[in-house]
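Colleague: Would you mind keeping the following structure in view while I ask a few things?
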Amino acid sequence: MPEPTGVIHDIGYQRYTGPRLGRRHVFGALYLHGVRTTFGLGRSAKAKIFPWLVVGIVLTVAAAVTAIRAQIGEAVMTYAQFADSMSWLVIFFVAVAAPELVSRDLRSGVLPLYFSRPLPRADYPLAKLLALVTALWLLLGAPQLMMFLGAAFTADGMRGVWDELLDLLPGLLYAGLWAVVFASVGLLIASLTGKRAFAAGGIVAVFLMTTPIVGILSVLPSQTANQLAGLASPSTLVQGVGIWTLGDLLITDPDAGIPDLGSFGPVYALAAVVLVAGCVALLLARYRKVAAR
Amino acid sequence: MSTVSWITARGLFGRRRFLLLLPLPVLLVALAAISRGMGVSPSDWGPPVLIGLGLAVVLPVVALIVGTGVLGAEIDDGTVAHVLTTPLPRWQIVLPKLAVAAGVTAVTVAVPMFAAGLLADSVRLGLALAAASSVGALAYSALFVAVSLLTRRPVLLGLVYVLIWEGLLGNVITGTRVLSIQHYVIALADRIAPTNLLETTVSVPLAVVMTTLVSVGFTLLAIDRLRSFSMAGETS
């Protein structure tokens, strides 16, 4: 039997000796990648069409509102009302962005690769959720900032600018509430399926089919049912919280058919908190199951 | 029943996710029944349920999911190659698939619409809504089948049409209603059973002509696109 002639060559493999970034950096990278994904940044031109279509429409509306205000001197809508009037576009943006964030990873089966990093299971969905919240807030906040700049440069003196700023800040907070509620509901639905097409259809179906329930509840012959009607749909729920907390900033025209909440304002706020908490809990439960596979 | 339509029907019903389509029609009937039971006047609950939910949400969303599902799903996972390599003329692939999509959508939508119309007014309104939404199902299906051959993201493009064109623009700029299938359906139903529940600005002859044009035109477009169809990989 001849002597074994095999030789192990040193082909230069090296151990990594640099600093190892921990959980915070993994989370940060996922979050930043998520925000870029929602707007299609760093992706092909095809991935940018739908997000930037929505961004283009909201910015056009904001520019039109700003121009009308600068010319006529009369505010068409307040900052808080902007989010309300854009609700269909927000739903469409969630239907575009949420499946991109979570459904692709489910479909291509790369989750085990993510979870082989020092990444706790809850961090992955939370980073994606935070990314979607940020994207929605930017979508609603950037046009408001544009309206503010237009109003600030036409306002007389620092006093007027300060008043505008005091109007803008609640508007931005209200946009944040829209973002949190819509992102948590949308991401939960999208995380249920790996097919982007079905996720988008499901998100739109859930948001749109709840609106007529509000319409029915608000014509029932019971005043309590009418005042609680808004709880049935995410957009009217958010609007209810806004009416309770912001009041005059959201209702400029008392005859415009604004829903009457009676004394149930706190119930709306509580329902919004419960809805978001419930969706996040279900999302975490979903990823415990997916990650275990 | 040709093999293509058999395969298509099995592809639609074979998966559990078809059950996701059921909540919409059930909700439609449930809301109509609750409103009727609580004694609300039909002029109050009719428009939000029949138009706001039935014709503006249930019909287009069901048609979108089914219409893009019959061909788009096969293109998505590449199994359409098996159908395309058979010596079938392209129209014998598109027409059975379109028939299945329109049929499934029509049954899923027309039955609850009939029930809701019956609860709202009369058998006549129920039949009118069922007939009109079946016609609408054909037009929507032709549109969405064609869209799934024109782009790799058919559902999102369909949502742009349903949400932004019909939902947003149709309410703000009434002129855009002449290109909105939803308003053709309303006009047709209102013509068959005149009530004060359904209102639109689109005239009946225009609705008839445009519905035919949409159905035939998009079917021909789909057949033409499938003739020169090229398979591509997953989009980024």
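Placed from the backbone N, Cα and C atoms, the Cβ positions cover glycine too.
From a predicted model like this one, the values you see are computed outputs, not experimental measurements.
Residues annotated as transmembrane segment in TrEMBL: B:48-73, B:94-119, B:125-147, B:154-173, B:204-223.
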Colleague: With pairs restricted to those 6 or more apart in sequence, evaluate whether the transmembrane segment (B:94-119) and the transmembrane segment (B:154-173) have 3+ C-beta pairs under 8 Å.
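Modeller: Answer no: the transmembrane segment (B:94-119) and the transmembrane segment (B:154-173) share fewer than 3 Cβ pairs below 8 Å.
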Colleague: What residues elsewhere in the chain lie close to the transmembrane segment (B:204-223), defined as a C-beta under 8 angstroms and at least 6 residues from its ends?
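Modeller: Distant Cβ neighbours of the transmembrane segment (B:204-223) are 71, 90-91, 94-95, 98, 135-136, 138-139, 142-143, 145-146, 149-150, 178-179, 181, 183-185, 187-188, 191.
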Colleague: What parts of the chain pack near the transmembrane segment (B:154-173), using Cβ distances under 8 Å and only residues at least 6 beyond its ends?
Modeller: 56, 60-61, 64-65, 67-68, 72, 143-144, 147-148, 179-183
